[in-house]
Structure formats: C-alpha cells, structure tokens
Amino acid sequence: MLSAALLLLPGLPLAGAGATEEPTQESGPLGEPPPGLALFRWQWHEVEAPYLVALWILVASLAKIVFHLSRKVTSLVPESCLLILLGLVLGGIVLAVAKKAEYQLEPGTFFLFLLPPIVLDSGYFMPSRLFFDNLGAILTYAVVGTLWNAFTTGVALWGLQQAGLVAPRVQAGLLDFLLFGSLISAVDPVAVLAVFEEVHVNQTLFIIIFGESLLNDAVTVVLYKVCNSFVEMGSANVQATDYLKGVASLFVVSLGGAAVGLVFAFLLALTTRFTKRVRIIEPLLVFLLAYAAYLTAEMASLSAILAVTMCGLGCKKYVEANISHKSRTAVKYTMKTLASCAETVIFMLLGISAVDSSKWAWDSGLVLGTLFFILFFRALGVVLQTWALNQFRLVPLDKIDQVVMSYGGLRGAVAFALVILLDRTKVPAKDYFVATTIVVVFFTVIVQGLTIKPLVKWLRVKRSDYHKPTLNQELHEHTFDHILAAVEDVVGHHGYHYWRDRWEQFDKKYLSQLLMRRSAYRIRDQIWDVYYRLNIRDAISFVDQGGHVLSSTGLTLPSMPSRNSVAETSVTNLLRESGSGACLDLQVIDTVRSGRDREDAVMHHLLCGGLYKPRRRYKASCGRHFISEDAQERQDKEIFQQNMKRRLESFKSTKHNICFTKSKPRPRKTSHKKKDGVANPEATNGKPPRDLGFQDTAAVILTVESEEEEESDSSETEKEDDEGIIFVARATSEVLQEGKVSGSLEVCPSPRIIPPSPTCAEKELPWKSGQGDLAVYVSSETTKIVPVDMQTGWNQSISSLESLASPPCTQPPTLTRLPPHPLVTEEPQVPIDLSSDPRSSFAFPPSLAKAGRSRSESSADIPQQELQPLMGHKDHTHLSPGTANSHWCIQFNRGGRL
C-alpha cells in the first residue's frame, strides 16, 4: 500500500511517465532501410517513478539506521527532528543542483496513502480498555478543546491585525483568520505518536493526548470545510441556516465516520471467521477492508481518520481470535513497517517542502503572534477543561499532568497539508499562512520535542511501567468491575460500570458467537487457559519422568490464541501425534468419533481428576445423623484420596526408585538376577510369548522417601510443588536389588505379602500364570495420614481392586512359601489362615515382623494403631510396631484380564 501510495509523490512525472510518447522510427532518405537492432537501450523514463520511490524509502531507512548507531543522539533528539533536519539538507542539495524544488509533500499523497497506515496502526494496537475508561476526557479535549483553540486563535489573530501588529500586505478578514485557526489548532497524531512514544509517560496521560489527536480530526474537518465554504460564499452571503448546517455537519461527519468504521470492522471480523482453510489471505483481508473503510469515509466527506480508527479498534478482538498465529505475526510486523515508513517519508518531505521559498511569504508579526496564541490558549483550555473533568473523575489529573498536556499539543503534517489545499484566489494570504504553518510545525516538533523529555524528568512525571498482568491482578480487576456494576445497579444509577457490564453481556451473548469461530469462543477464558496449561505441564512431566522415549520437548505447549480448540491440542492427541505409547484415556480414543465429543470427554476427565466434586448441601435436621450414609461415605473417600495425593506431592519421585540426598548422586548398579518363583514367560507351554499389555510387563512404582530425605530435599520440593504426582513405570527386575548402593543412594527393600490364590482363569489358561510380580512400593510413613475412622473406606477400596480380577477358584487355595528376601534374616514360615476374613487384602508373615523388630528396636514406642487402617481386621497381631519407618513392598497379583 505504501509503495502504491508514493507513486503520487509531487514533483515526479508520474502521469507523464505513464503517458510518454513512444519513439517513432525516423526514416532516412527515401529508400533507406531503418536502423539495425540496438544492443543496449537506456529507458529511464519507463522506470523513473517507482525507482525514485524505492530510492526515497531506501534513503529514509538508511538514515534511521545511521541515527540509531549512536544511542546518545537518539536518547536526546527525537527521531522526527532528525528526519526533518535530513529533509532540509536533502532539499537544499536538490535545490542547489536542479535550481528548483523538485519534490514536495502534496495533500493527495499525504491523505490517501501516507496517513492511513499510521492511523490504522494506532487504532488497531490501541489499548481498548484504557481508551474507553478515559473516553469522556478524550472527547472533552478533542471536541471542546479544538473548538476553543480554533475560535480563540482566529479571533486573537484578527484582533492583532486590527491593532496594526500585522503587516498591511496580509489581506485577510475574520473568516480567513477563523479558517487558519481551524487548521492550525488541531493536535497532529503523527507528531504526538513520534514524540511521546520515546518519552514513555504513563499510560493514562499518553492515551488522553493521543486519543485527542485522533478524535479531533472530525472537528478539524468540519471547521475547515465550513470556514472554507463561508470564505468562498463571502461573509455577506452567509445566512443563519448555514450556521445551523455547520453545527449539524459536526455530528454527521463524526458519527458517520465512526459508523463506517464499525461497519467495516463487522465485515472484517465476520470474514475472518471463515478463513480457517485459507490462512494465507488473512493478513490481506485486514489491510484491504481497513483501507476500504478509510476510502469510503473520504468519499462520503466523513472523518476518514475516525473511520479507520474505529475499524481497527472494533475488529481486533474478533480478528485476533479467528486468524492463526502466523497471520497475527504477519499483520503486526507489516502494519508496523508501513506506519514507520510512512512516518519517515512524511517528516522528510516536510523538511524538503520548507526549502521552496516560492510558495511562502514571511511576516514576523503573524508568525510570532500565532506561536504565542496557540501556546497560551492551549494551556488555558487544558486548565479549564481539567478543572471541570476533575469534578467527576475518581482519579483526578494533577497539575503536572496538565503541564505535560499543555506542552504536548504538537502540530504536524495534517496542518501543512490543509494549508496547501487553500485556494489562493479565495484566500489571498495563503502564502503567509503557509510560512506560518511551517514555522509552527518546526517549532512544535523540534523545539518542544527536544525539551519535553527533560521537562518530564524535571517534573518527575510518572512513567509507564507496562507489564503483563498476573492472574491474581486480572481476577481482582474483574471482581472490582462486577462489584461496581452491582453497586450501580442496586442504587439505580446507570453509570459507566453498569453500561460496560451490559455491553459485555451483549457481546458474550450475541457478537462473540456471531463473529468468532466456535472453538475460539470456547477457549478465550483466561482462567481456564491457566488450568489447561497446568494440566498440560503435569502430563508432560508424567511422560518425561515415566521413563518413556518421549521427552518434554516432544510435546509442544501452544499459547492460548494460537490453538484452535481444546480437542485439537489435548494431551491425548499430542501423545498420539508424537508416536508415544502412553495413552491417558484409551476409552476416549476408541469410542469418540466427533471432535465436539472428544473435546468434552477430555475436559471432563481433566476436571474430574484435578478438582473436588461439589459438596452437597443438606438442610438442617433434628436428627443426629441427617446426611445419608452413602453420600457421607463417598465424600469421605474423596477427601481421603485428595489428601493422599497432596501428601504424596511433597515426596520426590525418581526414575530409578532412588532416594536422593544432598550429595552428588552416583549410578546405581542394577541386579540382573531373577526372582525365585517367577515363571519364565518365554517358554510357557512351549509357545512363543504373547503380546502382553502394559499391566503384564511392568510394575507401577510409587517412590516415597523417609523423613530424613524429605527434610534434606525440602527446598527442592517447594520449587516443584506444582508438578503433581509422578508415576514411574519400570520393570520389576530393576526394582529389587541385593544391597545398598555406594554413596548416598540407597534402595529400600521391603518384604512382600503372600500372593492370592490362583483364579479359575489361571487354572484353565496356563499362560495366565506367567505374569511375574507386580509390586507397588508404599512407604509405611503414608499410613500415618490414614485416619482410624477411615478403615472401612480403605478396606472397601482394596476389595474393589480384588473385584476387578477373575473369580476365585472353588477349590481351597494352596499357600506357597515366600523365598527369603536378600536383606531379611530367613526364619521358618508360619502358615496364615486367610479364610477367616475373605475381605482381607494382604497379611504380613510373622518372620518379617520379627526381622523388623531386630532392625529397629528404638521405635518400639510407636502405637500399633497407626498401621491399623492398612490391615485386615484379623491380622493385627502379626505386625510388629517397630516397622513404622520402614519401606514395605505390597504386591497385588492382578488378573490377566480387566
């Protein structure tokens, strides 16, 4: 767009370049043949216009690079000042060589091509919440302030002429000075943006000044057109209805421009909703429709700046949610590049245009009077308007803010382009107005731009400390918004918070569902996004710590705006796409067919696994037990399970079941000896081994540390408290070892319980008996967190595990003797009667209890009640209390089919 825009640069023979006469072949004398084929031909006129445009942009870019080579220069002098000075130098060189000014800033080039990218960039990336929070102050300064500055400056200059302080050769009346006051009083958005972005004042002050420079365009356009029409008509022909039409045109131009921008914003958001399969055209649609809004408003004589500002401000929320991450990046950098190039060309052409002395005439009284009046009336208007606004603002604007606002009223290329558009036949003093405008622009951009940063430092103005708000800040901000809206609703006052709350409800109910893609609308909740990220991180940690080939780099954690839906980036899908063998939910993958059902299933499992179920509320009753037994039991079980998870989170799990201390870890020597009593699955009945599932080939290990190790790693545990429970899947042969590992690494072996009796399936299917040991290491320290009153719930949980296996055989079970543990003294085994309590889940042999007493005599005072909930009702007498701080290996022989 910028390249096409600069094709209309003044001084370039663009029309002539396109319409150059084709060379005619001059024939020689009669009968002579035409000249032969030329090997080389210079065709400068065919490429002159685009070549010069490319050269200007290249020179401007190289100049910016040179300026930023010295950090000291750019920290003291604004970039806009350096570009204007560069334009003056280049204009002087061109004037000295060509003896005339070749290049100038034409109004058509400026308004149609150079200004739109700057305004679009400002409106699209404007903080909408901050803008609408200060909308009242912005409109006050933009409308009332601009009207005040225009009329007071024009009347004061007319009075100055009547007093004889302006030369008589300046032939201008009251309408002429009002016309000049309307174009010179508007704050320029390009100059404000160029200067204040380098000063870094606080966001409230910046949004008020910059918002004023954007919204005062409607007032400037109306005043300029009305005064220009009055000048062309003549003061004698102006009637009362013309004044009324001028007032009405203010509302038509401003509201019409805003309406045009909102219509194109709606079309842009609606169009990007259906670009999921053609992502490549998304950036093109953004620029085309925004530029179409500007041209439409300009065509209808409405405020084009206001139209493109409202278009960018209104469509960003929906467009950012619909387009892809790459498209957002392309839109951002393309828009910034176009705005930077246009701003650079504008300031350079301002400097070049000032060299041409044939288009301006000098009058000291007019120039000095204009400088004084625009500064004085600007400061007076800011003080009066701020006093009125502070009567209603919760956070008033202090005197320091008023000084910066008064000093920050910069004028720029908008005023220069408007004064160039004046008709010299209708306005005889045009040359004097042009010279005065150039001086005012140079003074505000160079002098005020150079001194505003030291002024801000001297006044100690609050600087901007922009940072991404945390989740806590966002929660409190939303809470305060709802509270203030509720207070206004209660007292019956429909204020700002009430209407903002109503707008948010309307947007959520209608606009977002219409203009945003369904997947984008469902995932835009920031609180849910945080929960989603935490679950993804836990899943990555689970896969990484579980010993699988997949590492944490194999799972990419997408950002919130970049993913299309939760189902597309769920943990299960990430594992499947990366070729992982781990599957978090097999049933979801096997049964779900539609994307919506898959998304709901994944979210259901995530919420059920990480959140408490809602507590039931019961009405008060006169009875002692008014809660039903089933509900109370279910809630107690859930609380117990959640407490178990939290306690286990404080323990550090490792990949090889090793207890780390502060000393440097050393590699552990694994034992390759086979356990006695375990059948070899490779030669069962002379058949090849079958394809075993993960429950038949590996054991699930829960690594739990002792109290000493927990204290030594307390600092590391606090840093990793949000990683969740980590399950380490390893082969059983790697778990059992023969002795201690050298150094501070130690494997804590534990005795095993007697396996349950073989089932009918194992009797009928011989290969079922070769499953191996499936052991679960659980520290007896965890039994301390089991309350005594939860014994029934624990036994029911153990019974539910047994119920998953095949039905037991009707024949009486044959009890086998356990082989002696490598680290436990072998003693004669005593058979244990399991028929007394069929619900008992496990039992400890007396020999192991005696071994426990021999190892830890000092802990004999620990009460037996601590281990009671983990045992059956009839097995308490076989346990020694001296084993409370030991590690136990509890083996559950699961069935071959679940």
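Cβ from N, Cα, C; glycine included.
The annotation topological domain 'Cytoplasmic' is assigned in Swiss-Prot to 1-48 (among others). Restricting the average to the topological domain 'Cytoplasmic' (1-48) gives a pLDDT of 56.
For 49-69 (among others), the entry in Swiss-Prot reads transmembrane segment.
Swiss-Prot lists 70-76 (among others) with the feature topological domain 'Extracellular'. Proximity of distant same-chain residues to the topological domain 'Extracellular' (70-76), defined by a Cβ-Cβ separation under 8 Å and at least 6 residues beyond the stretch ends, is recorded for 82, 450, 453.
Sequence-distant contacts of the transmembrane segment (77-97) (same chain, at least 6 residues past either end, Cβ-Cβ under 8 Å): 59-60, 63-64, 67, 103, 191, 194-195, 198, 343-344, 347-356, 442, 445-446, 449-450. The transmembrane segment feature in Swiss-Prot is assigned to 77-97 (among others); the stated evidence is sequence analysis.
Taken residue by residue, the topological domain 'Cytoplasmic' (98-106) breaks down under DSSP into 1 helix, 0 strand, 8 coil. Here Swiss-Prot flags 98-106 (among others) as topological domain 'Cytoplasmic', drawing on a curator's inference.
If you look up Swiss-Prot, you'll see 107-127 (among others) marked as transmembrane segment, on the strength of sequence analysis.
In the topological domain 'Extracellular' (128-137), the DSSP tally of helix, strand and coil residues is 9 helix, 0 strand, 1 coil. According to Swiss-Prot, the feature topological domain 'Extracellular' maps to 128-137 (among others).
The transmembrane segment annotation in Swiss-Prot covers 138-158 (among others) and is backed by sequence analysis.
Look at Swiss-Prot and you will find 177-197 (among others) tagged as transmembrane segment.
Annotation comment: Swiss-Prot describes 198-203 (among others) as topological domain 'Extracellular'. Residue counts for the topological domain 'Extracellular' (198-203) under DSSP, helix first, then strand, then coil, are 3 helix, 1 strand, 2 coil.
Residues annotated as transmembrane segment in Swiss-Prot, with sequence analysis given as evidence: 204-224 (among others).
The topological domain 'Cytoplasmic' annotation in Swiss-Prot covers 225-249 (among others). Across the topological domain 'Cytoplasmic' (225-249), DSSP classifies residues as 22 helix, 0 strand, 3 coil.
Per Swiss-Prot, the feature transmembrane segment maps to 250-270 (among others).
Helix, strand and coil residue tallies for the topological domain 'Extracellular' (271-279), in that order: 3 helix, 0 strand, 6 coil [DSSP]. Summarising the annotation, Swiss-Prot assigns topological domain 'Extracellular' to 271-279 (among others) and lists a curator's inference as the type of evidence.
Taken from Swiss-Prot, the feature transmembrane segment covers 280-300 (among others), and the record attributes it to sequence analysis.
Nonlocal intrachain contacts for the topological domain 'Cytoplasmic' (301-334), taken as residues 6+ away from its ends with a CB within less than 8 angstroms of a stretch CB, comprise 111, 115-116, 119-126, 128, 131, 189, 214-215, 217-218, 221, 225, 252-254, 256-258, 260-262, 264-266, 268-269, 272-273, 275, 279, 282-283, 286-287, 289-291, 293-295, 511-512, 515-517, 520-521, 524, 559, 561-562. Among the features that Swiss-Prot reports, topological domain 'Cytoplasmic' is placed at 301-334 (among others), with the record citing a curator's inference.
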Fill in the blank from the handout: In the same chain, residues at least 6 away from the ends of the topological domain 'Extracellular' (356-363) whose Cβ sits under 8 Å of its Cβ atoms read 91, 95, 101, 104, 166-167, 169-170, 431-432, 434-436, 438
Fill in the blank from the handout: Contact set of the transmembrane segment (364-384) with the rest of its chain, CB cutoff 8 A exclusive, min separation 6+ beyond the ends, reads 141, 144-145, 148-149, 152-153, 156-157, 160, 165-167, 170, 184-185, 402, 405-406, 409, 411, 432, 435-436, 439-440, 443
Handout entry: Residues of the parent chain within Cβ reach of the transmembrane segment (107-127), under 8 Å, 6 or more residues beyond its termini
Key = 1-2, 4-6, 8-10, 189-190, 193, 203, 207, 210, 214, 287, 290-291, 294-295, 298, 304-305, 308-313, 316, 332, 335-336, 338-339, 341-343, 345-346, 413-414, 417-418, 420-421
Practice task
Sort out for me which stretch, of 138-158, 177-197, 204-224, 250-270, 335-355, has the most Cβ pairs below 8 angstroms to the transmembrane segment (280-300).
Solution key: 250-270
Completion exercise
Contact set of the topological domain 'Extracellular' (128-137) with the rest of its chain, CB cutoff 8 A exclusive, min separation 6+ beyond the ends, reads 203-204, 207-208, 211, 313, 316-317, 389, 392-393, 397, 500
Completion exercise
Per the Cβ under 8 Å criterion, with at least 6 residues separating them from its ends, the topological domain 'Extracellular' (271-279) contacts 285-286, 289, 318-319, 322-324, 326-327, 515-517, 564
Practice task
Would you mind listing the long-range same-chain contacts of the topological domain 'Extracellular' (198-203), meaning Cβ under 8 Å and 6+ residues beyond its ends?
Solution key: 78-79, 127, 130, 404, 452-453, 456, 461-464, 466
